[in-house]
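Asker: One structure, as structure tokens, below. Some questions next.
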């Protein structure tokens, strides 16, 4: 018999697309959280966890004709096992192989469905209500602003469905980073983490700076504060002291503990929702139906509604924050998909209702693009409501910054856990809080918020967030579909070509010629159809065989419909939104990706846990065991 364990070749060691097996990415979950879901064990889910982190079905060996064996027979007999007992390692003979790395303590599972929805709503609702509604109504869509929000909500739902399924299937910290690691490999996962850093760290800094500017404006125009005080808060030279104070305060809250940051997040989130509800009710009380005639102003037309949808889509960025704290979610398989869908439903309802209320209060020509609701209330001679909404905006907007600084250390934790960042980012305190990682992220955010104007980085940040959405959609297709046996990499090839032609189509339609776009577009559709016809559905999630040791489970998961067409449509829509941005933003995105590729080869490729612990060997030994035809050899291939 050939020895199933031997070192990988040099080529495999340097392979930047080394994929993390599902049983490895879920190892910490199965070992440390077996009894934390709602205070119970996983018995109700019919799953046991081996010491290797492999999910194994709970078996009734006196009834081998049950559902589990039937599923096993369909999926595993073709690998040479005669029954379940042959496939499951026997602890009486020798222990199963396992990863030997000592991993840092894992944050406890403490986030309920309410907590997750609070994080999602708090991280999403912000400038979309307070700024974008007025901007879109005045400049792009007029009374049809609500239609723009509906269109952008539908676009967000395309990616939201992919996040919902993947977050339930892979309930660990990291969001798109974790999904890319399983589906695409180590290097794509690493620069995907860079895209998420744009979403949470840099955009959080931008919101903090915007808040600082709003504080100065509110004090100057609403409170008539003395100019000597305002000079302290607005000294010029691009420095924003108020943003600095906010960044420091939110960092200290997060460092104080998980419970404290969660309570503050929930308080400010639902105060903000109450404020938005007040604005909507006030708008309907002052409603004037004549403001909706014509519904689509001739000077804007349908193209204006579409342009408004592009702008309003960025009001949805942040709904994926829940996926980044998946490792701390109670009953993650159920609560994560549900929280994403509830968040999108709440946010879309509030956005559409607020758009109708704002245009109902004031004609779209007179709506302020910077401060829609306060100005609209003031023009209707309701000064107290104007002052209340202006104060409420300043009071509640910091929760977006708080959510950002809560999420970023969890992403850093996931990277450090895989050896792609220094171990200090993976350290947690006794309460499970990544305190040191929060401090480092907070210092960086404070520096950017205080000294860097973000007006010229807006497109760059938006493009990065949309790229993270694209990676998530691609990951779901790879996890749900498989290449034919004759061409093991066909699915990846088709998906790469689909991404290329989708990007070129959208770029052509937006910046070159619609004729060229109409020529390239059908090629993208053709490739999507080829994926559907030539790459059949996987027999189990993640194309799981014994190579990834993903065992059968009776858990019920959210399932994205119409795969691969719905994720492909989501990819195309995200590329269309990217193509609307300035070329400078797109160029900065590519430069940023190249920077992360360089960082990966300088640090990550040499310190990766997967390379040191040899995931290749773990996979290879399991495959090798099938080469020997004897029953005993097959059994020895699974155990050490």
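Every residue gets a Cβ built from N, Cα and C, even glycine.
Because TrEMBL annotations are produced automatically, they should be read as predictions rather than curated entries.
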Asker: What range among 203-229, 338-364 does TrEMBL record as transmembrane segment?
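Answerer: Checked against TrEMBL: transmembrane segment maps to 338-364.
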Asker: For the feature transmembrane segment as recorded in TrEMBL, pick the matching range from 519-536, 537-554, 609-626.
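Answerer: Range annotated as transmembrane segment by TrEMBL: 519-536.
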Asker: Could you put numbers on the helix, strand and coil content of the domain 'Cationic amino acid transporter C-terminal' (558-608), residue by residue per DSSP?
Answerer: 40 helix, 0 strand, 11 coil
Asker: For the domain 'Cationic amino acid transporter C-terminal' (558-608), what is the mean per-residue pLDDT, to the nearest integer?
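Answerer: Reported value for the domain 'Cationic amino acid transporter C-terminal' (558-608) is a mean pLDDT of 91.
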Asker: Of the stretches 178-202, 307-326, 437-454, 495-513, 583-603, which racks up the most C-beta pairs under 8 Å with the transmembrane segment (460-479)?
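Answerer: That would be 178-202.
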Asker: Restricting to the same chain and to residues at least six past its boundaries, which positions have a Cβ under 8 Å from a Cβ of the transmembrane segment (384-407)?
Answerer: 119, 122-123, 126-127, 130, 200-201, 203-204, 207-208, 210-211, 214-215, 218, 222, 246-247, 249-251, 253-254, 261, 264-265, 268-269, 271-272, 275, 278-279, 282, 318, 321, 324-325, 371, 373-375, 377-378, 438, 441-442, 445
Asker: Residue list, the transmembrane segment (338-364) vs rest of chain: Cβ under 8 Å, 6 or more residues beyond ends.
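Answerer: Here the qualifying positions are 113, 116-117, 120-121, 124-125, 128-129, 133-134, 136-138, 142-143, 145-146, 148-150, 153, 156-157, 160, 163-164, 167, 273, 276-277, 279-284, 286-289, 291-292, 297, 312, 315-316, 319-320, 322-323, 372-373, 375-377, 379-380, 558.
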Asker: For the transmembrane segment (178-202), which stretch among 307-326, 437-454, 557-577, 583-603 has the most Cβ pairs under 8 A?
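Answerer: Result: 583-603.
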Asker: Restricting to CB pairs under 8 Å, which listed stretch, 307-326, 437-454, 495-513, 557-577, 583-603, is in contact most with the transmembrane segment (237-255)?
Answerer: 437-454
Asker: Go through the chain and flag residues at least 6 beyond the ends of the transmembrane segment (557-577) whose CB is under 8 A from any CB in it; none is fine as an answer.
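Answerer: Non-local partners: 155, 158-159, 161-162, 164-165, 168-169, 310, 313, 333, 337-338, 462, 466-467, 469-470, 473-474, 476-477, 480-481, 498-499, 502-503, 505-506, 509-510, 524, 528, 531-532, 535, 537, 541.
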